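Structure first, commentary second.
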């Protein structure tokens, strides 16, 4: 189908189909990701009806990857990255090796050459950035120990894939034609590693000062549009520069841009302002993956598809599980990492495309990679759901490591009661929290920012890291015997869900919440809040009171 405006058609068609099928998936109690992928299949060239631009869609999806990784970087400090390097580096490399060997074994069964097997195996070895991060975000695990290990593991995988993409042409020439010597290969590898190190060094030394400075200057203008624009310009600009100047992936470039901004107080505002765009383009990523999938392969090569899927779901996951256990982490952590990595994504598509261009991977190989990606991404939410049920039935506190036990079970003294439970410690929450502390009211803070939680704990303030929508987090904060629940988070509808859950757990608790609009006030009140404060209304009321109060020292005549 010819489109006069392919960009607009692709965005509108992709988002509309994703919305419809995402809603249907949600209605059927399955992950919306499945709906987004099916939307891509319907919009792709292999099914009748509407066909989106298959060249534009992946580029739009890459924007989602950039913004998503930038957001992750905003919550991921260099200290966090260094804390997991001992397991992330050897673990990721070993897991890539296992997956590659399994892929080579399958390719040998299919009658492909050694080099084809290596490329095919590498395609099956690296997880999707978007899928992994979405899974962690949905379960509020980004800031947990498990989340930090998974993200560190992902970063190492991305670095290995960057090296692979640069070295593959030289290796292919050496193995297939014999005209590339080891010295040339070593030089290429040295240059690539040098570029990666140079990029990281520049971001740590120069970007660490320059990026926060630019953000501070844009914030000082008082223009929200300029601030949001500066966030997007930095995220996209650094990611693009990383690719063009250093041959580093878009995802890694954006990640380090976010990480150097992490130390700035503006990082949370930046994360909040880019959230809608991140979500929209992340959806387009899943749609673009679905567009590449030809459903006929499920009929033409069912056994090969099942074998490919088995390598992704079980081969690499079991390798990751045993490696994490080998490093002394709990079963919970090992299973979470294994489930997170039980899928493939962006780099698999890029590597498969390069393999096709170099005549190293047949069309059948690329089709198997795409089938494995689609099916593994669809099944990933199911794996996590099964994992959570299994852990709920079998895991005990004794099975966790001491470190995890402290983080997840002993954040709050067991004897605290009749306290104020404050959800959110941003601009509003911090002002309120300081007043409560000054009044000697027992206080527990629930906050999603690890940095803020660490700062509060250093001051001796009880703080729980996590999302208040999670019942386990509320249990840690002792909701059942709290006297007040105060919600200062800006999302009124999320606050309403928290209110309903809290009211069911503690019918007598006094609940005060924040809202921005009249419909949010009504919604939160219906869910069980005692009082809802709308910021704009309170500002107007206070200003009116000031107008009615005569200034000090001035005589009012009437």
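Cβ from N, Cα, C; glycine included.
Considering the side of the membrane named for each residue in Swiss-Prot, residue 84 and residue 183 do not coincide.
Swiss-Prot tags one of the stretches 186-206, 396-416 as transmembrane segment, and that stretch is 186-206. Between the candidates 457, 459, 503, 514, Swiss-Prot assigns the AMP site shared with 427, 428, 447, 448, 467, 468, 494 to 514. Swiss-Prot assigns the feature transmembrane segment to residues 337-357, out of the candidate ranges 337-357, 526-546. It is 514 that, of the binding-site residues 427, 514, has its Cβ surrounded by the most other Cβ atoms within 10 Å. With Cβ pairs under 8 Å as the measure, the transmembrane segment (113-133) is packed most heavily against 149-169, out of 4-24, 32-52, 149-169, 186-206, 226-246. When Cβ-Cβ distances below 8 Å are used as the criterion, the transmembrane segment (32-52) is approached by residues 1, 9-10, 13-14, 17-18, 20-26, 131, 134, 283, 286-296, 374, 377-378, 380-381 of the same chain, each at least six residues removed from its ends. Neighbour counts of Cβ atoms within 10 Å were compared across the binding-site residues 447, 494; the minimum falls on 494.
Largest Cα-Cα distance over the residues recorded as binding AMP, namely 427, 428, 447, 448, 467, 468, 494, 514, equals 18 Å. Residue counts of the topological domain 'Cytoplasmic' (207-225) by helix, strand and coil are 16 helix, 0 strand, 3 coil (DSSP-based).
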